[in-house]
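Right, one structure below, let's go through it.
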């Protein structure tokens, strides 16, 4: 399931690979049958014992496989997310999984150490992308694009210590929605917050809250509290840990590890532990020290305007002005936001495969082609080809002479709604039996009317 834990700014932590081909080309990779896969696995197992005595078959640390059941949930979530992005007018975009290392390492501050470097293969120093935001900025600059509303779904990689229990992996999927360009203040940001509310409400993960802040307000707080400007980013990175650490531990990091004076850290603590609604924005306007800082005033003015728009969108009660929200990355310069769930879901250690409250089907097969008799493989192959060519999702059993009961049980287990049955009697009469798996009712349909009848039934279900 995509990581939805913390959604920040315009970037969403929630799988599609990119095949490299000439522009406009489509590539379908060869698909191996089960026998080929089995042979490959057997060859691996048959290697001399001394070559693999210490080898354990596992996924790399911080990664995981997704089962067919998990993929169903992921695809439904991504369909919902992308549908929302498209509803708001976003265009799709994809970028390479790796970028020039120099471009990435300049953008992430302290987090640059979490970037995966790739071994030099051709004269360029490359790294796996850390997020989808910097590649988007590179795309805009490279193509001289001034305005763009885009979405991007893709994997990113972070070389941090994974905590699987909390759902933190080194490889995970992000869903980004960005509005790039020069616009009147807070209109695009209000829409981004509306999108976050729409998606989180649609996913029915439980009650949530979206924290908002502004980096200009934070910088203003640092300035009036006496933080040297050279330490702004370092201290901001410490403040950003308040959702994971207590203020006591964050203060210790500021003082003991980053050399901040204790009294300065205490003054920062008076501010960054405050949170509330639009009333807190008004309170900060009246703060005698903060109101003297130009940067902070600009940020507070934008937040006041933002809350006006959020009220018009009907989501103001879902938003909290939280001065502890910092975001450690260097490219955040204005309004920042992050969504959090207000309670831990029950059975959080388990995959929430029942997210959509239904039995999970791992395929979308609509029709199964069956036979009750031996030596009917050729007729089944001709029949299933007709269904495929008509755009119907169909399957058959990969055996020359399967038992009918086995075929029907497979349909019930997989949730396939319809079965078409062909045998000697049907072939002689020029008909096909169409069986409803749920009701077990069968009717005879002429071969020429079969596709139309199946499409009619599928459209009614």
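The chain as shown is numbered from 1 upward.
From the backbone N, Cα and C atoms, a Cβ is placed for every residue, glycine too.
All annotation found in TrEMBL is predicted automatically rather than curated by experts.
Here is what TrEMBL records for this protein:
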type: DOMAIN; residues: 62-343; note: domain 'Class II Histidinyl-tRNA synthetase (HisRS)-like catalytic core'
type: BINDING; residues: 131, 132, 133, 158, 174, 178, 327, 331, 332; note: L-histidine binding site
type: DOMAIN; residues: 366-457; note: domain 'Anticodon-binding'
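Counting Cβ atoms from all protein chains shown, residue 131 (L-histidine binding site) has 23 others lying within 10 Å of its own Cβ. Take the CB of residue 332 (L-histidine binding site) and look out to 10 A: across all protein chains shown you find 19 other CB atoms. Under DSSP, residues within the domain 'Anticodon-binding' (366-457) fall into helix, strand and coil as 41 helix, 22 strand, 29 coil. Within the model, the domain 'Anticodon-binding' (366-457) shows a mean pLDDT value of 97, rounded to a whole number.
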